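Colleague: Pulled these features from TrEMBL for this protein:
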- 1-25: signal peptide (SIGNAL)
- 34-49: disulfide bond (DISULFID)
- 63-211: domain 'Cupin type-1' (DOMAIN)
- 108, 113, 118: oxalate binding site (BINDING)
- 111, 113, 118, 157: Mn(2+) binding site (BINDING)
């Protein structure tokens, strides 16, 4: 059974998520429910609806972010997502949520969400959150338990655990599938590989330096 502290944290998260639901970036739904049919073969900008007769209670329930995830990786971070792809009841509702666990010194590296703004709420520890604008201006703040920080849609941003212990925050989005683009991965771990000339000219490096940089992102 969940502890009282855990239930309190999750309640606060749900209340904040509900607060952003009134400003949907996704199209307004045309019916009461449209649970995603993840097995549908018809390609849509989103997901087709399951037949109403096939919808069940559990379609509107998820434990996706209930538990901490391993941060045993070079960035010491783990993101556990509850988007429409894992939580079919979110289909057409214009909301989703992600839990991020950060070990001490852990970094959620610079990335962007092309289809959503992000509202960060720290549940545990302290996290530096920052984003950059098109004018290369940095806005950042150390965010502590129960505090909020908002990242405008599509802008590059990061989260860094600068506390002494583990940190946990939730990120709430005004889209059922916000997407994620991480520049380091988009440059150094694409398939097929980014042309070497593009990388050497972009980073003003020689081929040996670029090759050494790419080797750090093998497996991502």
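For all residues, glycine too, the Cβ spot is worked out from N, Cα and C.
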Colleague: So what pLDDT does the domain 'Cupin type-1' (63-211) average out to?
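Modeller: Over the domain 'Cupin type-1' (63-211), the predicted model scores a mean pLDDT of 96.
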Colleague: May I have the DSSP-based helix, strand and coil counts for the residues of the domain 'Cupin type-1' (63-211)?
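Modeller: Counting residues by DSSP class gives 22 helix, 57 strand, 70 coil.
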Colleague: Do you see any of the recorded positions 34, 49, 157 whose C-alpha is within 10 Å of residue 108 (oxalate binding site), and which ones?
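Modeller: Those close enough are 157.
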Colleague: Suppose we draw a 10 Å sphere around the Cβ of residue 34 (disulfide bond). How many other Cβ atoms does it contain, all chains included?
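Modeller: I get 21 for this one.
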Colleague: Beyond 108, 113, 118, what residues of that chain have CB atoms within 8 A of the centre of the oxalate site's CB atoms?
Modeller: 98, 111, 112, 120, 151, 157, 159, 171, 173, 178, 180
Colleague: Can you name the recorded positions among 34, 49, 118 whose CA is within 10 A of the CA of residue 111 (Mn(2+) binding site)?
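Modeller: Neighbours among recorded positions: none.
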